[in-house]
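So the structure is just underneath, and the comments pick up after that.
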Amino acid sequence: MSRTRTTPGRRVESDVVDIGEHEFESGEILPDLKVAYEAYGEFDGQNAVLVCHGLTGSQHVAGHGTESGVSGQARAWWGDIVGPGKALDTNDYYVICVNVPGSCYGTSGPASEGPDGEPWGTDFPPVTVHDWTRAQRRLLDHLGVGRLHAVVGGSVGGMNALDWAVQFPDDVERLAVVASAARLDSQCLGIDAVARRAITSDPNWNGGDYYGEDRATPDAGLGLARQLGHLMYLSKDSMERKFGRRSAGRGDRGDAFPSDPAAAFFPYREVESYLDYQAEKFAERFDANSYLYLTRAMDDFDLSEGYESDAAALAAFEGESLLVSFTGDWHFTTEQSESLAGAFRRVDVPVAHHVVESDHGHDAFLVEPEKVGPPLGDFVDEGVAGRAVTDTATDGGEPDEEEDFAPVHSSLFSR
């Protein structure tokens, strides 16, 4: 159902669009792919900005004033960045965010109704980042949006943004990739694999067939997967600052997961309480099968797939690019962004790699808007010449050999 809200300084569209038959990269065809989106501001024909959400995010990127968003995400996930007078100023830009296929916030996915009237479950076609991009392109066609002023993405949304430069290079003027990379490294692939195993090992997963009011859902497995995710998103320093070794009162949450026999003797620590809380909240709002599908899509993405190199994949893109990385992010490191910047430079794409000093880990792109907003907003407005945009390459070419980043811990378990 389409909804349009207009308040002073705000115009918000929220809708689910049936874009018709859609062939996935796997070759499987969905007869009626439904795509959910939200859009903010007024479209003037040349001011459209597409924001690509993170792994378990949704189309609810900005606040509505009333803050009534999609299920379980009443709070906008980037509300400090998108909105009137903010970095992505909806007084100037028509900002669109699309829930990707395979997710569970209105776009078709495993929890959606299939042709037989039952949820698809694991019969839903496998999805890739390329599928996300093509679905977004079709949704934008439906909205009458052609060339995009900018595509912006954070985390796996940054991979989605990069894919726009490969699949639709003529449709993007400016590309902003925040806390992302050209591909996952083997450590992150391994952690994602364990997270999926946690879900599929839960007896309630039942091969992906757990839908229905009278069915138990694999909340324990999904919760464990989310806990692994949160350990990836935080840095050693931020965890030490937030939790240290402090004990917490067990209350109800201390019994959220089965305890080992000696648990009563040892303290229930604040870090455990935090992880248990995040697990409980996540299981209330997200679908376990969607988590399996979306992590597979992220793991599978490789910018250079089908090309000789990352640079070759980006060669057709003639716009400008901003890469934002964070010194405390070991999920997507500054080194990975610098490598990506080098790929852009090798094909003469104007690029700036803006490094943010932060110890907040991967979450920095969400929790430090005061550091992300200025370079992002200036880039979208003015390109790489934007006032707040900095670059690791001191002369606009190859990076200075003396350039040194703050240390990034490569392993969660060695810190």
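Numbering starts at 1 and runs along the chain as it is shown here.
Cβ atoms here come from the backbone N, Cα and C positions, even for glycine.
Classification of Ser155 (active site, nucleophile) by DSSP places it in coil, neither helical nor stranded. The Cβ of Ser155 (active site, nucleophile) has 27 other Cβ atoms within 10 Å, all protein chains considered. Per Swiss-Prot, active site, nucleophile is recorded for Ser155, and the stated evidence type is sequence analysis.
Secondary structure at Asp329 (active site), taken from DSSP and collapsed to helix, strand or coil, is coil. Within 10 Å of the C-beta atom of Asp329 (active site) sit 29 other C-beta atoms, taking all shown protein chains into account. Positions annotated as active site by Swiss-Prot: Asp329 (among others).
Here Swiss-Prot flags His362 (among others) as active site, drawing on sequence analysis. Other C-beta atoms found within 10 angstroms of the C-beta of His362 (active site) number 26, with every protein chain shown included.
Summarising the environment of Arg226 (substrate binding site), the number of other Cβ atoms within 10 Å of its Cβ, over all protein chains shown, is 23. Positions annotated as substrate binding site by Swiss-Prot: Arg226, Asp363.
What Swiss-Prot records for 47-369 is domain 'AB hydrolase-1', and it gives sequence analysis as the kind of evidence.
Residues annotated as region 'Disordered' in Swiss-Prot: 387-415.
Over the domain 'AB hydrolase-1' (47-369), the average per-residue pLDDT in this prediction is 94. In this structure the alpha carbons, written CA, of Asp363 (substrate binding site) and Ser155 (active site, nucleophile) are 9 Å apart.
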